[in-house]
Amino acid sequence: MEDFVRQCFNPMIVELAEKAMKEYGEDLKIETNKFAAICTHLEVCFMYSDFHFINEQGRSIIVELGDPNALLKHRFEIIEGRDRTMAWTVVNSICNTTGAEKPKFLPDLYDYKEDRFIEIGVTRREVHIYYLEKANKIKSEKTHIHIFSFTGEEMATKADYTLDEESRARIKTRLFTIRQEMASRGLWDSFVNPREAKRQLKKNLKSQEQCATSPTKVSRRTSPALRILEPMWMDSNRTATLRASFLKCPKK
């Protein structure tokens with residue numbers, strides 16, 4: 001699974017996921033399913049935000065790659081992917097600037113057009129079940145919830161899907177492709193089934209004990225589908241800024 005994740009996702013997303021797991025004391029070499037889930041969630045958050053801007057009239061517009069209007073205001077502020085201290089700093093700044101109610105839990109995005117925080121969910125289960133779990137945890141009508149599944153289903157607060165249909169279809173297509181690629185490599189069943197995942201985890205731990213001192217040969221082959229899809233969605237005008245702000249950390 002780890003090899004798949006490194007081939008499938010944009011390097012910046014992989015790096016952010018590694019930092020997040022390290023922050024919570026989790027080992028990505030062991031908890032590979034969680035590594036994949038974090039990368040998937042991060043990518044959906046970035047895809048949700050990319051190419052969406054607010055013009056001078058306050059209307060939401062979509063600006064594709066290469067468009068000269070780079071100075072337009074980004075519609076969404078990305079909170080997910082930052083370390084907790086910086087994330088809360090961003091949330092507090094937004095609340096102070098906009099007057100928004102401070103959420104109890106860290107949200108994933110802030111929508112400057114609709115003036116609301118957004119919680120993004122990506123689930124391997126039924127969307128309505130995951131939606132209810134999110135709603136029960138957050139317990140706030142101020143935070144908008146939007147859930148996506150790997151089967152193309154989605155659910156959002158008051159059926160308000162925020163994005164246009166094409167933008168949402170792009171996210172759904174990406175999730176479906178990730179699922180298909182996992183399935184083709186025999187990874188999907190353990191990713192979606194907790195019992196199978198635990199069995200795989202025990203197998204990984206045993207394998208690590210046996211091969212702790214042995215060199216590991218890693219396959220670098222990437223399927224044609226992944227070569228096409230890998231980081232193509234990333235807004236190149238924003239990548240450098242995101243890398244600088246998200247990955248900044250003191251050198252030890």
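Every residue, even glycine, has its Cβ placed from backbone N, Cα and C.
When secondary structure is read from DSSP and collapsed to three states, LEU28 (site 'Important for efficient shutoff activity') falls in the coil class. According to Swiss-Prot, the feature site 'Important for efficient shutoff activity' maps to LEU28 (among others).
The site 'Important for efficient shutoff activity' annotation in Swiss-Prot covers LEU65 (among others) and is backed by similarity to another entry.
Under the heading active site, Swiss-Prot lists GLU80 (among others), citing similarity to another entry as support. Counting every protein chain shown, the Cβ of GLU80 (active site) has 23 other Cβ atoms within 10 Å.
DSSP assigns ASP108 (active site) to coil in the three-state reduction, placing it in neither a helix nor a strand. Here Swiss-Prot flags ASP108 (among others) as active site, drawing on similarity to another entry.
Marked as site 'Important for efficient shutoff activity and nuclear localization' by Swiss-Prot: ARG195 (among others).
The site 'Important for efficient shutoff activity and nuclear localization' feature in Swiss-Prot is assigned to LYS198 (among others); the stated evidence is similarity to another entry.
Swiss-Prot lists ARG199 (among others) with the feature site 'Important for efficient shutoff activity and nuclear localization'.
The annotation site 'Important for efficient shutoff activity' is assigned in Swiss-Prot to LYS202 (among others) on the grounds of similarity to another entry.
The feature region 'Disordered' is assigned by Swiss-Prot to 202-221.
Per Swiss-Prot, site 'Important for efficient shutoff activity' is recorded for LYS203 (among others), and the stated evidence type is similarity to another entry.
Look at Swiss-Prot and you will find LYS206 (among others) tagged as site 'Important for efficient shutoff activity'.
Positions annotated as compositional bias 'Polar residues' by Swiss-Prot: 207-217.
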Rounded to the nearest Å - Cα separation of LEU28 (site 'Important for efficient shutoff activity') and GLU80 (active site): 18
Least Cβ-crowded entry, counting other Cβ within 10 Å, from the recorded positions listed as LEU28, ASP108: LEU28
Rounded inter-Cα distance in Å - GLU80 (active site), ASP108 (active site): 5
